[in-house]
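Since the structure comes first, as structure tokens, the remarks are kept for the end.
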Ligand code: MF3
Ligand code: CO
Ligand code: CO
């Protein structure tokens, strides 16, 4: 099942969901410092969603087939954790890099899904370069989005940027259609060949969320059945936006005041932020 939204009501619903997901990251960003635990970040984000936004954290008790229920409101993925890190007692220390992945469900029933990398104190030049290349890869993928683009065009632009920098693309997890459900078709692979795969049409909403490893692409899933790490213990980075295919191009739905601006390699006219963001 794909969501292809044509009603203005649905588009406004998706814009609200995207803005709210992004605003959770704006809220928590200044609190990510050495000494705070991932569990505390989870509690703060959950309280903000519940008490301020009146949104529901989609990850909490989320249980795809073959998985135990996810036990927290957000994912916190530190250093060599690729994705789906479970918040807990882990205390962040100077030099760590952490991805916070937020998915909210609004009262109207729409999902917004976004993640960013955060530096804990001062990070290494190596870690900063991985974060930057991953950020650029996501944006190069976003810049491909318009009616007529093939999914392989998105995957190719992400993969070639990451691999040209000497990094590898995780294959086991991908972007996804999103709307009034969390995960649905199409799968948005972060690798591929130009001119292949499904063709984008106006009204599609999906995520682009590349996971890029500094070393090899292989993964290792921890005994908790959720946490995914790099097999070679190299650093991994991820950025995620939810986007809408518009008549002429792309609208980034997960946009708020604190959203980091697109990098220089993406021209300013190739995207338009969520117009609902204040
Ligand atoms: N937010 C993740 C994504 O981008 C999914 C997390 S599922 C969870 O698709 F259960 F781990 F939270
Ligand atoms: Co997602
Ligand atoms: Co996500």
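FYI, residue positions are counted from 1 along the chain as it appears here.
Backbone N, Cα and C define each Cβ position, glycine as well.
Residues or ranges marked as substrate binding site in TrEMBL: 84, 183. Around residue 183 (substrate binding site), the C-beta neighbours below 8 angstroms that are at least 6 residues distant in the chain are 64, 176, 177. According to DSSP, residue 183 (substrate binding site) is assigned to coil rather than to any helix or strand.
Secondary structure at residue 240 (divalent metal cation 1 binding site), taken from DSSP and collapsed to helix, strand or coil, is strand. Annotation comment: TrEMBL describes 101, 113, 240 as divalent metal cation 1 binding site.
What TrEMBL lists as divalent metal cation 2 binding site is 113, 176, 209, 240. Sequence-distant contacts of residue 240 (divalent metal cation 1 binding site), defined as residues of its own chain at least six apart whose C-beta falls under 8 angstroms from its C-beta, comprise 101, 113, 114, 115, 116, 138, 175, 207, 208, 209, 254.
Taking the domain 'Peptidase M24' (13-246) as a whole, pLDDT averages 98 in the prediction. Under the heading domain 'Peptidase M24', TrEMBL lists 13-246.
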* Structure fact -> Restricting the binding-site residues 84, 101, 113, 183, 209 to those with Cβ under 6 angstroms from ligand 2 leaves 113, 209
* Just how many other Cβ atoms lie inside 10 Å of the Cβ on residue 113 (divalent metal cation 1 binding site)? -> 26
* Could you check which of the binding-site residues 84, 176, 183 have their CB within less than 6 A of ligand 3? => none
* Identify all same-chain residues not among 101, 113, 240 whose C-beta atom falls within 8 angstroms of the centroid of the divalent metal cation 1 site's C-beta atoms; report them in sequence order. => 21, 75, 102, 103, 114, 115, 207, 209, 238, 242, 254
* **Cβ neighbours within the same chain of residue 84 (substrate binding site) - under 8 Å, at least six residues apart** => 70, 75, 77, 226, 227, 228
